[in-house]
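Inspection log for the structure reproduced underneath, given as structure tokens.
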Amino acid sequence: MAWRDRRGALRAILEGSACVRPASVYDAISIRIADDLRFPLGMFGGSVASLAILGDPDSALITLTELAEQMRRMARAAALPVLVDADHGYGNALNVRRTVQELEAAGCAGLTIEDTLLPQAYGEAKPQLISSEEGLGKINAALDARLDPSLVIIGRTGACSISSLDDAIERAVAYEAAGVDALFFTGVKARDQLQAISAATRLPIVLGSPPAELADWEYLAAQRVRIAVQGHAPIAAATEAVFRTLSALRDGAAPQQLTGLATPELMDRVTRASLVDERGARFLGLARE
């Protein structure tokens, strides 16, 4: 699927009437599994990128180059549209332009730019926001940097949990007026908050990790929520599986005694082994087994 087709698929989700729950993806294998399972969308989060690439918690240490290269690997591996959490754009508004250029070239379907002050400021234990003016400048820079008009750019605010609901709405309305394609809110905890956001804005809404009170997909869809991100369980599950397997091997288990491993058939499927064999036969004169 060409980049524009993937971006069109994401736009179709935003223009639709359902609330989609994307697959958390972070490498070539995870995106292929999500694609094979027919998820409509992948989400490449900043926290999961930090885990997968650096083995670090979500502490804003990853670089744009590392993020874009990982996105490029995933885009080559499967045709699933991917929405990338581009954090703060890796600097000021001029850095945001570069971020959009690199992620667009890497094949993402869309990206989010947020207003959290990153990296963490000296002496500040709690998250902080950049000013509304700086946040709007970043959004305008992102929109200006977009070469493919089908690339989805989403303005994200954490104001609900950091400052106030009113501040979140004010920032979102400004991003909407600037021309973003959707609005991403984190920290929304209650229905009355979401309803206030929905009433004050017009664009499709993306929610980050909605709590149990909001985990009603029909209700969310009625409030114009088109994407609800549900955290990053796959990488946690993979980490547990590797830990258990290596622990068993360390304790003397023989490989044939291990349980919970992918079958050879599943490994062939996610590595696209039959396609590699086919290409070997076509281009290298190799007999297919």
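Placed from the backbone N, Cα and C atoms, the Cβ positions cover glycine too.
Annotated features, as they stand in Swiss-Prot:
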type	residues	note
BINDING	S47, R156, H232	substrate binding site
BINDING	D85	Mg(2+) binding site
Please state how far apart, in Å and to a whole number, the two most distant Cα atoms are among S47, R156, H232, the recorded substrate-binding residues.
18
Would you count the other C-beta atoms found within 10 angstroms of the C-beta of R156 (substrate binding site) for me?
27
Where H232 (substrate binding site) and the residue listed as 'Mg(2+) binding site' are concerned, what is their Cα separation in Å, rounded?
13
Which of S47, D85, H232, all binding-site residues, has a Cβ with the fewest other Cβ atoms inside 10 Å:
S47
Indicate whether S47 (substrate binding site) is helix, strand or coil by DSSP.
helix
